[in-house]
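Written below as structure tokens is the structure these notes are about.
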Amino acid sequence: MNAKLIYLLLVVTTMMLTFDTTQAGDIKCSGTRQCWGPCKKQTTCTNSKCMNGKCKCYGCVG
């Protein structure tokens, strides 16, 4: 019983985290500062990171 509940919580948490991040199109970057502008236009937040040469935007909290 507990194993099923833990597995369900793990799946739900993974799905929530997956849908929280979005790619900022095909914007190439070499540093996180280059992602702030494009991510602010998409998500109204500057929460972003340059990963593998592409911008990744994170949604606002709150």
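Glycine is no exception: its Cβ is also placed from the backbone N, Cα and C atoms.
Values in this document were obtained by computation on a predicted structure and should not be read as measured data.
Between Cys39 and the candidates Cys57, Cys60, Swiss-Prot records a disulfide bond only with Cys57.
Annotation in Swiss-Prot places Cys35 in a disulphide bond whose other cysteine, of Cys45, Cys55, is Cys55.
For Cys35 (disulfide bond), the count of additional Cβ atoms within 10 Å of its Cβ stands at 22 [all protein chains shown]. With the fewest other Cβ atoms inside 10 Å of its Cβ, the least crowded of the disulfide-bonded residues Cys29, Cys45, Cys50, Cys57 in this structure is Cys45.
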